[in-house]
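**Q** Okay, handing you the structure first.
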Amino acid sequence: MTSIVLYCRPGFEKECGAEIQEKAAWNEVYGYLQLSKNQGVVFFHLNNSEDGERLITRIPLKRLIFARQWFVSLTDKMTLPDFNRVEAITEQLGTEWQYADLRMETPDTNDGKALSKFCRKLAVPLRQALRKQKILTQQHDKHGAILHALFFSGSEVILGYSLGDNSSPHVMGIPRLKFPNQAPSRSTLKLDEAFLHFIPKEEWETRLTSGMNAVDLGAAPGGWTYQLVRRGMMVTAIDNGPMAESLMETGQVKHKLFDGFKYVPQKQNVYWLVCDMIEKPQRVAKLMANWLLHGYCKEAMFNLKLPMKGRYQQVVDDLQTMKDMFAEYQVKYELYAKHLYYDREEVTVHARLLSPPPQM
Ligand SMILES: C[S@@+](CC[C@H](N)C(=O)[O-])C[C@H]1O[C@@H](n2cnc3c(N)ncnc32)[C@H](O)[C@@H]1O
């Protein structure tokens, strides 16, 4: 049986499953879900085996909010022998297809973490054997197929593949970011990951560059502001709470004690609006769309906090609110949301207009 295997944050399997099932149905692909609570892995078993490639070609991974990574299965869960695991995997693959890279993966759970050392060790002889058989190509082609080996234990693995230009470049879809010691809060990693995820590196020079002006709504103590400052930006930080002294000392931050829902920038020179206020997501979504439509900023990066129940539907509704507002003014836009690795009970959204803002 062919399945789409998706990785998500443990605890969000239902959302991840609901989303792939809905998007697959839009593409007339049907199947059934197999979820295990808190395992961070979702199986979408396809009614028709040929649909696997069709789905991972037609649906851009960046359009899926809750899936960090995915692949099409090549095998069911295989049981490996205690010895000759490499041979068992190599034999199973045959020599018909070639892959540009190998990802050794586990579920993002404590058991999975305990397995990662085993995976790293096995990766060395496995890579060698796959290269020898020409199953793994010598050069890294970023458009080539990626071979995934998802281990559930030292003797249980599923093999599959994804397409290099429609999958995450990170193992298990998780970028490993280093917490900067000088940052005032761990939240800093959320914005760091968001920039990495949503803004292509080759565009950082024009879209994330020194000298830009930014506004940070709900900025205290300054983890997000830190990311803007370290990129050389001038930041207006809006929050009634105190900002870290170290940030104020840079001379790049103006702290205003203000309600983020009422603040309006004086000059039309703000490039980035970022927002991490803990507020009703509908309210934040409307505020962000308003900033863009008024031309108060060029791009917005923000969090939508998730409710306890109906989390997938809530995000869909929030995004729809923004789409409706953009449609009312007939502007072109880009709008993507992702449950990033460093997000918890929230998703991160990036939005920008691709046509000039309307005269309002
Ligand atoms: C999750 S914290 C932000 C953390 C920050 N992004 C960081 O990295 O350090 C949320 C902040 O939003 C602020 N906040 C909540 N509602 C606000 C409002 N209406 N106006 C301004 N700030 C608000 C809170 O005071 C709090 O400091």
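Even glycines carry a Cβ here, placed using N, Cα and C.
These numbers come from a predicted model, not from an experiment.
According to TrEMBL, the protein carries these features:
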type	residues	note
DOMAIN	1-71	domain 'RlmM ferredoxin-like'
DOMAIN	85-162	domain 'Ribosomal RNA large subunit methyltransferase M THUMP-like'
DOMAIN	185-277	domain 'Ribosomal RNA methyltransferase FtsJ'
BINDING	Ser187, Ala220, Pro221, Gly222, Gly223, Asp239, Asp259, Asp276	S-adenosyl-L-methionine binding site
ACT_SITE	Lys305	active site, proton acceptor
**Q** Is the residue listed as 'active site, proton acceptor' helix, strand or coil when read with DSSP?
**A** strand
**Q** As a quick check of your reading of DSSP, tell me how many residues in the domain 'Ribosomal RNA methyltransferase FtsJ' (185-277) are helical, how many are strand and how many are coil.
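**A** Result for the domain 'Ribosomal RNA methyltransferase FtsJ' (185-277), in helix, strand, coil order: 30 helix, 20 strand, 43 coil.
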**Q** Find, for the listed binding-site residues Pro221, Gly223, the residue with the lowest Cβ contact count at a 10 Å cut-off, counting only other Cβ atoms.
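**A** Comparing Cβ neighbours within 10 Å for the binding-site residues Pro221, Gly223, Pro221 has the fewest.
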**Q** Quick check for the class: what is the C-alpha distance, in angstrom and rounded, between Pro221 (S-adenosyl-L-methionine binding site) and Lys305 (active site, proton acceptor)?
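**A** Checking the Cα atoms of Pro221 (S-adenosyl-L-methionine binding site) and Lys305 (active site, proton acceptor) gives a distance of 19 Å.
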**Q** Write down the Cα-Cα distance for Lys305 (active site, proton acceptor) and Ala220 (S-adenosyl-L-methionine binding site), rounded and given in Å.
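**A** Answer for this pair: 17 Å between alpha carbons.
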**Q** Would you mind sorting out which recorded positions among Ala220, Pro221, Gly222, Asp276, Lys305 put a C-beta under 6 angstroms from ligand 1?
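**A** Ala220, Pro221, Gly222, Asp276, in sequence order.
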**Q** Between the binding-site residues Ser187, Ala220, Asp276, whose Cβ has more other Cβ atoms within 10 Å than any of the rest?
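**A** Going through Ser187, Ala220, Asp276 one by one, the largest Cβ count within 10 Å is at Asp276.
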**Q** With a 10 Å radius around each C-beta, find which of these binding-site residues (Asp239, Asp259) has the fewest other C-beta atoms nearby.
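**A** With the binding-site residues Asp239, Asp259, fewest surrounding Cβ atoms within 10 Å: Asp259.
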**Q** For Lys305 (active site, proton acceptor), which residues of its chain lie six or more apart in sequence with Cβ-Cβ distance below 8 Å?
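**A** Listed in sequence order, they are Ile278, Glu279, Lys280, Pro281, Val284, Glu345, Glu346.
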**Q** Using a 10 Å cut-off, grab the number of neighbouring Cβ atoms around the Cβ of Gly222 (S-adenosyl-L-methionine binding site), all chains included.
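**A** Here the count is 29.
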**Q** Measure between the Cα atoms of every pair in Ser187, Ala220, Pro221, Gly222, Gly223, Asp239, Asp259, Asp276, the residues the record assigns to S-adenosyl-L-methionine, and report the largest value in Å, rounded to a whole number.
**A** 20
